[in-house]
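These come from TrEMBL:
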- 17-24, 85-89, 139-142: GTP binding site (BINDING)
- 8-276: domain 'Tr-type G' (DOMAIN)
Amino acid sequence: MHNQQEVDKRRTFAIISHPDAGKTTITEKLLLFGGAIQQAGEVRARKSSRHATSDWMELEKQRGISVTSSVMKFTYSGCEINLLDTPGHNDFSEDTYRVLTAVDSVLMVIDSVKGVESQTKKLLEVCRLRRTPIMTFMNKLDREGQDPLDLLDDIEKNLHMQTAPVTWPVGMGKRFRGTYHLYTKELTFFDPDAANGTGQVLTATGLDDPLLDELLGSQVDELRHNVELLEGAAHPFDKDAYLAGQQTPVFFGSAINTFGVQQLLDAFVEYAPAPLPRETISRMVSPYEEPFSGFTFKIQANMDPAHRDRIAFFRICSGKFTRGMKVRHVRLGREVQIANATIFMAQDRTNVEEAWPGDIIGIHNHGTIKIGDTFTQGEELKFTGIPSFAPEHFRKVRLLNPMKSKALEKGLVQLAEEGATQVFKPLMGADWVIGAVGLLQFEVVMHRLEFEYGVKVAFEPVSYVTARWVLGEKKEIEEFEKKEVMHLYIDGEGKLTYMAGSQWRLDNTMENWKKLEFHETSEHS
Ligand code: GDP
């Protein structure tokens, strides 16, 4: 097949973690290994300029930066690696979830002091839905953290996944001496004073090697004991279970000291999946197929709000993309030429004019492309699994100038199409409700409504905690609409949505309406 080599050398992934676990630090180290940046600090500098201010116009200016850091491409060990940013902290939004639908695997970073935290748990649920393979990096071993066995237990219990330690730490905090590779039997010695901090690899022929006694002193017994324990108790690494999303291999290290990162990266290029086949409504699409196809997973408003200029982030699923090629925009049933596309690329290759499965391209448009849109070379395909996720925060929208209700509707619907918030119109009553998975999005919507649509609004709290898309037979739905009208809304795509004031309330309603389906996600139509 013509593109086998190009496909097989690609790895497209994202990092999931809780804020402060070390995602930025590890990203930076990966980019350094990949030669995509020259010195540590570049990613952090971008990030802090993005977060240093809450002033909206400043944020506008920084949007250019967030476009370029949305996809970071680097090469390592013959592989072309696409690292997709998952917005976190304040800008946590549906985009964060949806990026996970465009990758083939993820890297989970856990702070060994804190263990599994809430945001990691949420993101992992999306991975589980898709059976995404997950590699784990247990970070900050240079600090006094939790017992490594407890950390594995934490993952098994809270994330419902088998763990398979690949490396094992020797001590931690002040006593951290390095990691022992359970399969290659190599000890990587940690020297915190070493200039590059990458650690010295010392080959110990098994645990009895006198070199270990020499290097580790009294801590060698602890290591021997632990390894013996693990041989009985830990799951051995099983590549198939990893690829099926059932088991996560675990690496220990310290990102800030660049310790353990290369071991992780080496395992990543060896085991992480190349672009996988993708499901459409009608059939599976193999990345090796010759015709080009792919889907949009994220829309970002561009620098000039007056022109409603947007960039659609598009994941290639099959075939080859060349600049200026004609494709079919399936939802619109139209042929379009993609002339104005950004191809994210490794720094050492200029003038790249083509892209392959696993790569992400940014297509400039004026609002014609929506999340979930499929492009092909003629076939009527629709990729599935790029859904909206039930919001967790809600606000009632109060229009301050009643003359502007048309402009408000237009603004709310268009902003919802970009995918950062969702909009709901009540079955009864006049007040729109918007929902988001992250709170910053409300601020963003308020500013953009004012500056781009000339509409001033106020937000009022509303006592909903979650929403579900409701499906069922016509008669049953009509009955439901009568009884629950106060809690029913129509979303931006015309789908019936039930809002619940508490988890208890939701459970209760689902119990009472057993013939209806209540969905936590909704596919874009
Ligand atoms: P993010 O929020 O997940 O992107 O986390 P950052 O990469 O910004 O890291 C959060 C904080 O933890 C920063 O102050 C880092 O310097 C620090 N940090 C990252 N890795 C390590 C590590 O291995 N050891 C220690 N002690 N601190 C680390």
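Glycine too: its Cβ is placed from the backbone N, Cα and C atoms.
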Averaged pLDDT, computed only over the residues in the domain 'Tr-type G' (8-276): 87
Binding-site residues whose CB lies under 6 angstroms from ligand 1, from Asp20, Thr86, Leu141: Asp20
DSSP three-state assignment for Thr86 (GTP binding site): coil
Where Ser17 (GTP binding site) sits in the secondary structure, as DSSP reduces it to three classes: strand
For Thr86 (GTP binding site): intrachain residues, at least 6 apart, with Cβ closer than 8 Å: Ala14, Ile15, Ile16, Thr96, Val99, Leu100, Leu123
Collapsed DSSP category at Lys23 (GTP binding site): helix
Among Ser17, Asp20, the one of these binding-site residues whose Cβ has the fewest neighbouring Cβ atoms within 10 Å: Asp20
